[in-house]
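Encoded as C-alpha cells, the structure appears first; notes follow it.
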Amino acid sequence: MSESIVVSETVRAALDERRPVVALESTIFTHGLTRPRNVEVALAAEQQLRDAGVVPATVGVVEGVPVVGLSAPQIRALGDAATPVVKIGIRDLPVVAVKRLHGGTTVAATALLAHRAGVGVFATGGLGGVHRGAATTFDESADIVALSSIPIVVVSAGVKSVLDIAATLERFETLGVTVVGFRTTGFPGFYIRDSGCAVDDIDSPEDAAALARARDDLGLRSAVLVGNPVDPAAQVDPELHDRVLDEAEREATTARVRGKDLTPFLLEHMHRATGGRTLETNVAAYRGNVALAAEIAKAMAR
Ligand code: PSU
Ligand code: MN
C-alpha cells in the first residue's frame, strides 16, 4: 500500500488480526449535515460500531494527507466551522495533497482509500448519482464510476432522492456494479423508503458477505451496493418531499449552483425547507446503514 495514506494503529491492528472494520465517509459531516449536529452524528456512528464489536475507520484528509481511521479530535476539527474544509472527490486528492488542505472525502474517495487500506465494508447515508437534467448538464456523481472499479461493499439508503434514481440504476447496470436491496425489491430513495425502481433482494448480512465472496471468486472488481431503506417512522412524507425538492432545484438553477456545490446546496435547502425533517431522516438512514454495515463486516470476518 502507498505510504501516502495514513492508517491509524487501531485500524491497522484490526485489519492485521482480521477483525471486522467498517469505513465511514467524512463529506457527510463536513458538507452534508448542519453544525453542530454533524460532529455528534459522526462520533455517534463510530460509537455505534464499537458497541457492535466493530472497529470504525472514518476516512478524511488532514493537511493534504489521506487518513483511514481519523481520531476523535481530527473528526471534531474537520467538522468545526473554524476549519476550512474541501469536499474531496477522487480527482481532488492530488490537489489537496499539494496544497496541504483539510477535507471531507466523498463516497468515491472514501471507497478508494478504504479499499487501499484493506477495508472491505463501508457505510454512508446516501450515494451520489445522476442528477436530474443530467442529459444537458452531464452532472453525474463520480461515486458511480468509482464503484465500478473498487471492490468494496457499500451500505447506503439508496441514492439521494434529489437525483434521477432510474438513470442512476441504469448507469450502475452499464458499469457492472452489483446492486441489491436489503429485505426489499424496491430500491430505496434515501429520504423515502421505496424509489419505485426494482432491484434484486437479499435477506441477511451473510447474504451480503456471500455476494462479496462470489464477486471476488469471479475476479470482478466492482462494488456491491446494498440499498437499506430508512426506518419507516423516519421517512419523509413523499408529497412534502416532492414539493420541497422542486423548490430546491429551481433555487439551484436561479443561483447557478453547479459542480460539487450542487449536492450540498440541495441537501441544505431540503433541511431548511422542511424545518429539519429531512435532516432527521438523513441521520436515521445513516444510523441504520452503520448498523447493517457492522453486521456485514462481522459476517465477512467469520
Ligand atoms: N450522503 C449524505 N450526505 C452527503 C453525501 C452523501 O447523506 O453529504 C455526500 C457523499 O459524500 C457523496 C457526495 O459521495 O455527497 C456526492 O456528491 P456529488 O453528487 O457532488 O458527487
Ligand atoms: Mn456533481
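Just so you know, glycine gets a Cβ as well, placed from its N, Cα and C.
For E25, the entry in TrEMBL reads active site, proton donor. Taken from TrEMBL, the feature substrate binding site covers K87, V107, S141, A142, D143. Residues annotated as Mn(2+) binding site in TrEMBL: D139. Taken from TrEMBL, the feature active site, nucleophile applies to K160.
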Count of other CB atoms lying within 10 Å of the CB belonging to S141 (substrate binding site): 26
Entry from the binding-site residues list V107, A142 having the most other CB atoms no farther than 10 A: V107
Nearest of the recorded positions (E25, D139, K160) to K87 (substrate binding site) - Cα to Cα: E25
Residues close to substrate site centre defined by K87, V107, S141, A142, D143, Cβ within 8 Å: T27, G89, T106, A108, A109, L127, G128, A146, T263
Sequence-distant neighbours of E25 (active site, proton donor) in its chain (C-beta under 8 A, six or more apart): T58, V59, G104, T105, T106, V107, T110, F122, T124
Cβ atoms near D139 (Mn(2+) binding site) (within 10 Å, other residues, all chains): 20
In three-state DSSP terms, the structure that the residue listed as 'active site, nucleophile' belongs to: coil
Listed recorded positions (K87, K160), ranked by Cβ neighbours within 10 Å, top entry: K160
Distance from the residue listed as 'active site, nucleophile' back to A142 (substrate binding site), taken between C-alpha atoms, in Å: 14
Contacting recorded positions, sequence order - V107, D139, A142, D143, K160 vs ligand 2, Cβ under 6 Å: D139
Nearest-integer angstrom distance between the alpha carbons (Cα) of the residue listed as 'Mn(2+) binding site' and the residue listed as 'active site, nucleophile': 14
Close-lying binding-site residues around ligand 1 among K87, V107, D143, where CB distance stays under 6 Å: V107, D143
